[in-house]
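Per TrEMBL, these features apply:
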type	residues	note
BINDING	A:40	L-glutamate binding site
BINDING	A:74, A:75, A:100, A:148, A:167, A:190, A:232, A:233	pyridoxal 5'-phosphate binding site
DOMAIN	A:4-336	domain 'Aminotransferase class V'
MOD_RES	A:191	N6-(pyridoxal phosphate)lysine
C-alpha cells in the first residue's frame, strides 16, 4: 500500500483507476478500447458532454461561460491567455506569487505590457502578497490560486475592476469558488481532475473577440468553443478519466464536501508540524495551502533519515521542491485522511526515536 | 470480436492495450498507477528515454535531429511550423493534397506568404499532384504524406531544394522513410503510434533559430528540445502507450516488416474492390494509400445494406468521410490481415446475395 503525496501528476481515486483500466480493454461494452475509439463516436461524445456538464454542475457555472478541454497544460494557457486577451499596446496586470506566476507573466510580455501589481519573490514566495491595486485600465488581472512549490494558497480572491484570469492548476475542484468572479479559469488536470494531458478552461464568452490580433486556430478560444473542444482530435483518454474523477467528486458530495475533507487533512498535518519539535512549516500561517503542505526539519541533517522512514512506510512523493528543500506533502482530493495519519505517525515515530 | 477499421483514433495492438491497462493499476511494480506518477520520477524518465530511442532506432534517425513528444496534435503543428520557420516577409511552399494540407497552409498565412505549388482540390483530392516546382527561395516546403479522407498517399517524396516539412499523422511508422530527406516530420499519435493526446516531432536542429520572431515557450521547438519534451508536464500515459506500441513495431521486425504487411493488406483489399462488380475504388491507382482504402458502391442504394452486413460481422469504423461518401477501410499497422479477410468475405457475400 502506497501513500501518494506526489505534487503532480498526483493521486487519483482507486475506483477511477479501476474503471479506467477496464475501459482500456473494453470501453462501455463497445468491444473496443477507449484508446482506439473515434472521438466522433456517439460513445465518446457522451463522455465529453458528461465531463462538461459535471464541471458546470460542480462549480455552478453561470450562463455565458464556455467549458473547454484542451491540450498543452497550463503552460500553453500562459501564452493563450494574452494571445486572446491582450491587444497590442495594452497592459495586463499579474500577481507574482510563485515561479508559475512568473512564467505566466513572462509569456504575456510577448504580446503586450505587463504590470506586476505585487510580488513575494524577495521572500522566496513564502506568502501571498496583499494590499495591492489592480489598474483599472488593464486588459485583465492574472492570479495563481495555489502555489504548489511553496505551499501557499489564495484564500480570498481580490475584487478586480477588470476580468480576473486564474491559474487553478493545483487546487481546481478542491474548494467552492464563485465562477462569476472570474473572466477565465484554467487548470492542468494532473492534480485534482485527471491524468496529465488535458487542460480545463472555463471562459466568459463576452471577454473574447475584443482585440484585433489574428490568432492561430488551436490557440483561439473562439475556435475551440465553436468546435466544442473537438476542433481537432481531443485527448480522449485523459478526458474520459477526468469525467470519471468529476463523477467521483460529485458522489463524495461535491466540492463543498471535498473542501471540508481537505481542510481536515491540512489542519491535522499542520497541527503535527507545529507540535512536533523536529519539524517547522514553510509558508506564512494565513496563506497556508490546503493542497500542498510544505515543511522542513529544525535540523536539516535529519531529513535523509526521515525520508528513509517515510519510504519504509510506503509514503511516496514527499520530497520538497529543490527551491524550497525539506518536504512537501501534497494532499489532493483523492488522498484519504488515513494516508495523512500514516504520515503524522511517521513524524511522531521519528521524534520519539530521536529525542 | 471487433474488426476496427476506424480512421483514427485507430486500432492499437492487443498486447499494448493489455499492458496499458495493467499500468493503469500498477505501473512497473511501483504500486502506483501510470496516471498518478511524477513525470520527473526515474520510472517515467526511463519511459520517455525509451520512446525517443525507439523512434531513433526504427527510423534510423541521423545525428543532428531531435525527437520530441508534444501536445496539441498535428493541428498545433500547423501553426508551430510557420511560427518557428517562416520569418516575416518570407514565403513557404505547400502542396495541397487534401483538407489537412489546406488547414496547414491556412495557419501558415498568419506568419508569412504561402505559395501553393500544386493542388488536386478541383478533383476532390482523389490524386496527389505531381510535376510541380518547389521555389528555391521558400523557407520550407510542406507536404502531407497520406490523406486519410481520400485514401491517397505520397509514394515518392519530391527532391526539395529547401527543408521539407511533412505531416505524417496517418502513415507514421507504416513504412520506411529516409529521415535525412526531411527538415521536420510531425505526426499525431492516434493512428499508428499510440492514443490521442501526443504528437511526435522529429526536427533537424540546424533549421531552427534562423528567424527573428519571438516565440512563446510552449510553441518554441528550441525550448521543447532543451526541456527534453518536459518543459512542462508531458502527457505521461499517451507517451507510455506510444513507447509500448513502438516496441511492438520493433518486435514485429521494424518498419520494413510492417510495410510489407501493410502492402499485403491493401493489395488484398484493392484486388477485391477491382474484382467485385458491386464496388469501385475512389483514389487514382498510382496514389492509392496503404493506410486508408476508400471505395464506393456502383449502386449507392446498396451502401446501407452493406454497412449493415459489416456491422453483423463485427466490422466497425468503415463508413467513409462525409466529403467522399461510401466506405473507408483504415488498415493501420495494428490491424491484422485476418480482419481484412473478414471484410473481403463480407464484400463477396454481399455480391453473391445480391447478384
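Positions of Cβ are set from backbone N, Cα and C atoms, glycine also.
Residues A:74, A:75, A:100, A:148, A:167, A:190, A:232, A:233 are listed as the pyridoxal 5'-phosphate binders, and the farthest two of them sit 31 Å apart at their Cα atoms. Around the Cβ of residue A:191 (N6-(pyridoxal phosphate)lysine), a 10 Å sphere holds 31 further Cβ atoms from the protein chains shown. Under the three-state DSSP scheme, residue A:40 (L-glutamate binding site) falls in the coil class. In terms of C-alpha distance, the listed recorded positions A:148, A:167, A:190, A:191, A:233 place A:233 closest to residue A:40 (L-glutamate binding site).
Separation of the C-alpha atoms of residue A:74 (pyridoxal 5'-phosphate binding site) and the residue listed as 'N6-(pyridoxal phosphate)lysine': 12 Å, rounded to the nearest whole number. Among the binding-site residues listed here, namely A:75, A:100, A:148, A:167, A:233, A:148 has its C-alpha nearest to that of residue A:191 (N6-(pyridoxal phosphate)lysine). Annotation for residue A:167 (pyridoxal 5'-phosphate binding site): spatial neighbours A:74, A:77, A:100, A:101, A:104, A:142, A:143, A:144, A:145, A:186, A:187, criterion Cβ-Cβ under 8 Å with sequence separation of six or more. Checking the recorded positions A:40, A:75, A:100, A:148, A:167, A:191 against chain B with a Cβ-Cβ cut-off under 8 Å leaves A:75, in sequence order. Once Cβ contacts within 10 Å are tallied over all protein chains shown, the binding-site residues A:75, A:148, A:190 are led by A:190. Each of the binding-site residues A:40, A:74, A:100, A:233 was scored by the number of other CB atoms within 10 A of its CB, and the lowest score belongs to A:40. Residue A:191 (N6-(pyridoxal phosphate)lysine) falls outside any helix or strand according to DSSP and counts as coil. Per-residue pLDDT, averaged across the domain 'Aminotransferase class V' (A:4-336), gives 97.
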